[in-house]
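Over in Swiss-Prot, the protein carries these features:
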- Cys334, His385, His511: Zn(2+) binding site (BINDING)
- 1-61: domain 'TGS' (DOMAIN)
- 243-534: region 'Catalytic' (REGION)
Amino acid sequence: MPIITLPDGSQRQFAHSVSVMDVAADIGPGLAKACIAGRVNGELVDACELIEADASLAIITAKDEEGLDILRHSCAHLLGHAIKQLWPQTKMAIGPVIDNGFYYDVDLDRTLTDDDLAALEERMLALAAKDYDVIKKKVSWQEARDVFEARGETYKVEILDQNIARDDQPGLYHHEEYVDMCRGPHVPNMRHCHHFKLQKMSGAYWRGDSNNKMLQRIYGTAWADKKQLKGYLQRLEEASKRDHRKIGKQLDLYHMQEEAPGMVFWHNDGWTIFRELETFIRGKLKEYDYQEVKGPFMMDRVLWERSGHWEKYAQAMFTTQSENREYAIKPMNCPGHVQIFNQGLKSYRDLPLRMAEFGSCHRNEPSGSLHGLMRVRGFTQDDAHIFCTEEQIMEEVSACIRMVYDVYGTFGFENIVVKLSTRPEQRIGSDEAWDRAEAALAEALVLNGLKYDLQPGEGAFYGPKIEFTLHDCLDRAWQCGTVQLDFALPGRLGATYVGEDNERHVPVMIHRAILGSLERFIGILTEEYAGLFPTWLAPTQAVVMNITDNQADYAVKVAKALNDAGLRAKADLRNEKIGFKIREHTLKRVPFMLVCGDKEVEAGKIAVRTRKGADLGTYPVEELVALLTQEVQTRGQKKVEE
């Protein structure tokens, strides 16, 4: 007679074992219809799972995050069902859930086309409309292998042989005649899987190994209802318009080419944005009392072995040889900063020591993962390393948090999700040290009035960390900032200081990044602003345009006055209609278009228009220079139109 305890504390008693779906039906028909799965004693299970003893139970529906993931996973199985009907010789590989959707890797003797994708989606819709039950069967390992061997599913057989223990009982999910294997859970009925869209195809090596066969990967998205699906597709359309790769080309910011994959060729206007970001962060470094240093581009393999990076990151490091020595081009700045710290005897009075660098780093990312500025091989980190005592951790972390929010606020990012990752099972250091470190991070977050999500066990083996994830105007998440404690690296590389007791101690190291990579952050900003960079970041801040040749000298004079004040201005003296000029510079996202005709010349003024089409009237040149300068210097806190 199991007693089921529900999330609100209420209890229901049953005379015999019951399934999750039985409990949902006992509560009400509406909940039974919405039930996708259950969480029994904290574990996600299928709706058909029997509960035979007292247990806590939460009914999972599509309104829950887990429910949406289950729905998407079942849509991957639906894709498998459809593709096997259309092309029966297809061999199915894996079909996991990803952010906002799912994919399935398939081995097919034809290259799928866009027309094939449309036909596949149509078949999926027809199958889902049948609202058939999904039947789960737990079978022995051998029975599962026999099923897939008989069906010619060589990839499923390989998964069983290499990844599933012989004494395990795999779950087989039956979609009418189609059978797939999964841990689950999955939806009990396909009525939950009506709102999806197949999106694109790509190539993917089996098990991510380039030595294996290239499979075809089919991507899709799935949502709980029509409104959610429509909203997501609209956001995707808007994201496509904001794609930094398109805008970067339109605005002539940068380019990339095959001869240097994952490396950025910055053009003048893109490099202007890059340098402005550097200048901004450099000012913050001074404000928060950091030293700025510069480490070498590459260092001997021996140093990377001592730091531990060679063991963990060797495959991602570019290397070269000279005079029988092997060097690694740095993938990160921290070992170099420890070398700088080690020069000269350090006392506790020297701590905290805050060391920052705009470090040029390189990582050998897989070519298939490269994506514009968002995923590159050569990048510039804005990270810093703080050497401090254990007692100084909380205060230093708190200052890092203030700096992070100070910087993000300047760019208009207000929706920031904070996560605190605590000790993993495999770690170095005593439990007492971890207790103090985790408490210090949590206290720093509370001190700054921040709510945070706890991620137990997700910290690095060498220390807990805080992650800052930005949500942009399309509600996409970008993990940029980190504050990571490190108990390991200073000791591995021989960093010490003399304490008040005249004994040598190993300092705690705090890794701190705000933008992460400048390249990636420029990509994020390009999409966030849709290329409409704030005036202080805009490559060209103002264009002065004459109406006829009579005002050419005056236009040059106004542009010179702006440039002499430290602004970035150009004069457009082309023999084109003023409307044509305005449109062209609007498309180039220039913040201010300054127009001069005979009246403006005579009055010593200039007519001001914005890239958004607002007519701000006429200003004396000196006044406009002062107002634009103020907007740039305050980074938009005081704007011309105000």
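Cβ from N, Cα, C; glycine included.
Swiss-Prot feature annotations superimposed on the structure.
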| residue | record | CB count, 10 Å |
| --- | --- | --- |
| Cys334 | Zn(2+) binding site | 24 |
| His385 | Zn(2+) binding site | 27 |
| His511 | Zn(2+) binding site | 23 |
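For the domain 'TGS' (1-61), residue counts in helix, strand and coil come to 14 helix, 24 strand, 23 coil, using DSSP.
Cys334 (Zn(2+) binding site) falls within a helix when secondary structure is assigned with DSSP.
Within 8 Å of the centroid defined by the CB atoms of Cys334, His385, His511, the record's Zn(2+) site, lie the Cβ atoms of Met332, Asn333, His337, Asp383, Ala384, Gln484, Asp486, Leu489, Met509, Ile510, Arg512, excluding the listed residues themselves.
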